[in-house]
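S.K.: Quick one: this structure, given as structure tokens, is what I'll be asking you about.
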């Protein structure tokens, strides 16, 4: 669940009180106006997410300090809604390079930030596809946090990287939002540690090679050998015909910054869906997966769709659905489907999601006993 990162106006001192974001902003200072504006327009929201998800004040300071020193400096020039940046991120429809979200699981709620780090020359002739800043950020994180493993990053960087001459040609062809190549996601855990994940958008690489996007993705994972079998073969068998027929758009890959043998790889796709049967087909890989875990997850998904009154009736309700499959060595793919909640009534959805948490007996979710109003604040 995500929320727009740009506030309509900076919060007043009265409404902010002595919140950690306010104190840090007053005491650390900023080297330029861009960083100060990014802080004023994003730190209050991050603070709100952390507080609503029951992070204690010490963790709020810890993660806001990390945000101040390691994220704010790589967001590039500040731009307000309605203005056009030199380089647009895929993280939002407005091209902003930052997104906050909350991951709800039985163990509780985890706040995540996703970052499309912007280089000094991003979108310009020197770096038309903004290929270098994310690499610099990850190299720095690997020094600061020894648990960050860049083995998979180096593999996919060699697979998806584009030389400068080709990058110039590709940038001239692609729309601005399709020029982004990678982003970083950071989970801020309640034990004080962080986990890091990298996302690759490969449309630019496909444009440079002339190969279909799904072929570029599958080839890159296959060159890791058997590290992600049998899941990779099952996905390729199911998704390739859908992609070849133009029915599914597969264009995004992510992985954990941990040793390869421990990492997950996720492949993300979009498909036009007009029925619950189509959702079932995606969830079970066309009916080929019917193990107890898969079918239990499908039952929960159907229940959530019913509670949220997310149904279909006729072609007028056909809409794009984002989904992904997680693969690890020795296991079958694990599906995940994103139910679109944009342009809906947040408090209605919050009340229904609270009912889901209660049905699942997820007592560690912060909003389990709440009215739904607090949950709506992070939708």
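Each Cβ is built from the backbone N, Cα and C atoms, and glycine gets one as well.
Below, the features straight out of Swiss-Prot:
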type	residues	note
BINDING	90, 91, 112, 197, 264, 266, 268, 338	substrate binding site
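Show me how these features fit into the shown structure, please.
M.R.: Neighbour count (other Cβ atoms within 10 Å of the Cβ, all protein chains): 12 for residue 338 (substrate binding site).
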S.K.: DSSP three-state call for residue 91 (substrate binding site): helix, strand or coil?
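M.R.: DSSP assigns residue 91 (substrate binding site) to coil.
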S.K.: Name, in the order they occur in the sequence, the residues of the same chain whose CB lies under 8 A from the CB of residue 266 (substrate binding site) and which sit 6 or more residues away.
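M.R.: Spatial neighbours, sequence-distant, of residue 266 (substrate binding site): 253, 254, 255, 324, 325, 326, 327, 336.
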S.K.: Neighbour count, 10 Å Cβ-Cβ cut-off, for residue 268 (substrate binding site): what number do you get?
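M.R.: The answer is 19 other Cβ atoms.
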S.K.: Give the helix, strand or coil assignment DSSP yields for residue 268 (substrate binding site).
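M.R.: DSSP call for residue 268 (substrate binding site): strand.
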S.K.: Ranked by the number of other Cβ atoms within 10 Å of their own Cβ, which of the binding-site residues 90, 112, 197, 264 ranks first?
M.R.: 90
